[in-house]
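Peer 1: To start, I am sharing the structure in question, which I have written as structure tokens.
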Amino acid sequence: MAYRKRGAKREDLSQQHERLQEKEIENNTDVTMENKNNNNNRKQRLSDKVLSQKEEIITDVQDDIKIADEVKKSSKEESKQLLEILKTKEEHQKEVQYEILQKTIPTFEPKESILKKLEDIRPEQAKKQMKLFRIFEPRQLPIYRTNGEKELRNRWYWKLKKDTLPDGDYDVREYFLNLYDQILIEMPDYLLLKDMAVENKNSRDAGKVVDSETANICDAIFQDEETEGVIRRFIADMRQQVQSDRNIVNYPSILHPIDHAFNEYFLNHQLVEPLNNEIIFNYIPERIRNDVNYILNMDMNLPSTARYIRPNLLQDRLNLHDNFESLWDTITTSNYVLARSVVPDLKEKELVSTEAQIQKMSQDLQLEALTIQSETQFLAGINSQAANDCFKTLIAAMLSQRTMSLDFVTTNYMSLISGMWLLTVIPNDMFLRESLVACELAIINTIVYPAFGMQRMHYRNGDPQTPFQIAEQQIQNFQVANWLHFINNNRFRQVVIDGVLNQTLNDNIRNGQVINQLMEALMQLSRQQFPTMPVDYKRSIQRGILLLSNRLGQLVDLTRLVSYNYETLMACITMNMQHVQTLTTEKLQLTSVTSLCMLIGNTTVIPSPQTLFHYYNVSVNFHSNYNERINDAVAIITAANRLNLYQKKMKSIVEDFLKRLQIFDVPRVPDDQMYRLRDRLRLLPVERRRLDIFNLILMNMEQIERASDKIAQGVLIAYRDMQLERDEMYGFVNIARNLDGYQQINLEELMRTGDYGQITNMLLNNQPVALVGALPFVTDSSVISLIAKLDATVFAQIVKLRKVDTLKPILYKINSDSNDFYLVANYDWIPTSTTKVYKQVPQPFDFRASMHMLTSNLTFTVYSDLLSFVSADTVEPINAIAFDNMRIMNEL
């Protein structure tokens, strides 16, 4: 009927359009009597409508929805029915358009990507090192003669491997914080030297050294003409030493003493632990191990060299559910998407045939044909896809503790009756408060109160009691009041299982007995007289209840099936299931609940073992990564505090922490939550390994500064030009190697107090001042760039008399405000500058002091996926039993 009227609607519209055009032409030519008549007629029609007692239904004008004349003449119920169908169709079109729109908005992220991000979080397999950890590397530097020209000889010094300081104003302390962050990222969980060892090319007997970088250093030193013969002979003898009885091997390595300290620490504090069959079996969640529906078997015995890294599964260190609405919403959303992917599907073969069921329902409703009666909409929207979607939504929302909101039409009594099953089975906490109140109020005012002839409930917004709680006190019927009492007290029970907080369902729901309570209440309601309502109304409600009560057995089975799937998958969750209402909600249509209630068959559907293992692995990996990133962030915050960078770096540290969790859209997180997160992180203790590593850096800051080409240990400032000195490493440069004879002021103290008067007085008295402290500087050793910035005539003689490429002029910038300091500054060819950089000589490379023997296990194998050793199968689904040792689905 709904679609047959579309032609009439279009016809009406076209006729209207023609009439309007004719009126416009007439108005242009003659604007008198007809206009007045039309106005009078319109006024008359309006007054008739206002004074008329005949009810007329007015709808929105969207999509030009109009009601044909024949429909207006039909009964009130038929009008409402047609309107509902048209409205439903319109809303469906809107939803489709909204989905299309969402996919075209660039900022929208499809949920598949969240799932991929979660599944891509792997255990720390990436931290298996193929090289030793190094901050330093030996480098050959030329020696400069007295006249500033290079010699052919070279000398070896320890320099920084990554000497990266950004341009401009930059605090050296930030360099050390970034270095520490880098070490935390690269810090290996275990070191197996045998895996990284490479052949020593210069060895006499095909010996091996610890890694490729050691081999390259040995190669370069061996080929250096100035290397002593004894060192060459030593390199030729460098090889590994195996002690097979103790399962250890020693490898020679070339390392700076600080790098040696780092690698020794990593070797002595490895995270690997022995692995055996018992550990793997205990790794499987206990409830799945003890579930008789799953048959688990170990495929093989593990060798004694098997190792694994124990996942870090500490609970609730940040309590993100408490006062972090945006973060908690993102976590629950990602958990919901993951949970939906593992909840088993109710395929069409496992459900009752939709056509057959609708036909049976039509017979139960005594519909000879699908005429427009209020009962016809009971059948609207029933399909297997909606049933499956509802099943997955309910279980996934409970697993992720994600709040649901209910979408329903008050006039569809079947939806409301299905909603009564939903509210009976799912705890109240799972629904948005406003949505729960609206649904309960609709059930009370449409079904419960009319049955007993009670007046409509007028619910005050903000009332602490829900409509069901108010109704429980007012209804005298024992069965109905008893059912309302159960719903009002239906909450999750919080139980700690295997150290994890679980939200468990009431035992009456788990075994399905609560459905009998629901049916008793429904039967009582259907027997009532509905004294204040028409007979048709009573008949519609009774038939809706009949449809649901005819499926009593299936509803008991459905309730047991939902409970079993929820509890089995819940065993794979490793993070505490904290329950807090989420900012955004998952929409649940009550028509899809009707589909599930009406189409559920007698086929048992339980998660496959592979699905359970996958869900468990993803949960463990995310949880472990979450805790490791917390440890990193806590360590960096502590380091920033001790380096006096607390205020400067704090927000970026928290942002990095969230980015590394991979599921957060960091720019959208409100600042207040960022700072609250900082406060929580600040209260946590630093993990031992990370603290020891930071102390190693702190103790050796000066050595690291000396090895950098971009960090100075101080600066000398004079009022008049100072003559540059020859330096063996750089030629004529404005570098001072000692501070003898200079008055020294601590740079940090100066910056803290801000009292520069002392410096000014000294400079005016022509006394050079030495500001001592680490500071960055910029170097440019290109002759061309210097000539480009200065008068070329200054360099004319030098260019003429010497080879330009033998010189190494250096330009130093202490910070973005300082002057530039050049090699040549006057016409006497005596290099001068008003500023000198105080730079200590880097540590010379001494082969004997740099050769270290490192010891590790000869061999072991680290396994990351422990569950790959377990083969699993299930019993025949029809025989699957629930916690009470009875079949999940009894209705056969």
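Cβ coordinates come from backbone N, Cα and C, glycine included.
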Peer 1: Which stretch, out of 406-426, 784-804, is listed as region 'Hydrophobic' by Swiss-Prot?
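Peer 2: The listed stretch tagged region 'Hydrophobic' in Swiss-Prot is 406-426.
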Peer 1: Enter the number of other CB atoms within 10 angstroms of the CB of MET853 (site 'Interaction with the intermediate capsid protein VP6').
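Peer 2: Excluding its own Cβ, the number within 10 Å is 12.
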Peer 1: Which Cβ among the recorded sites (MET238, MET851) has the fewest C-beta neighbours inside 10 Å?
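Peer 2: Comparing Cβ neighbours within 10 Å for the recorded sites MET238, MET851, MET851 has the fewest.
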Peer 1: Could you tally the C-beta atoms, other than its own, that fall within 10 angstroms of the C-beta of PHE234 (site 'Interaction with the intermediate capsid protein VP6')?
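Peer 2: By my count, 15.
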Peer 1: Helix, strand or coil: which one is MET853 (site 'Interaction with the intermediate capsid protein VP6') in, per DSSP?
Peer 2: strand
Peer 1: What's the CA to CA span in angstrom from MET853 (site 'Interaction with the intermediate capsid protein VP6') over to MET238 (site 'Interaction with the intermediate capsid protein VP6')?
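Peer 2: Rounded to a whole number, the Cα-Cα distance is 10 Å.
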Peer 1: Can you tell me how the residues of the region 'Hydrophobic' (434-454) break down into helix, strand and coil by DSSP?
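Peer 2: Grouping H, G, I as helix and E, B as strand yields 19 helix, 0 strand, 2 coil.
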Peer 1: Measure from the CA atom of MET238 (site 'Interaction with the intermediate capsid protein VP6') to the CA atom of MET851 (site 'Interaction with the intermediate capsid protein VP6') and give the result in Å, rounded to a whole number.
Peer 2: 10
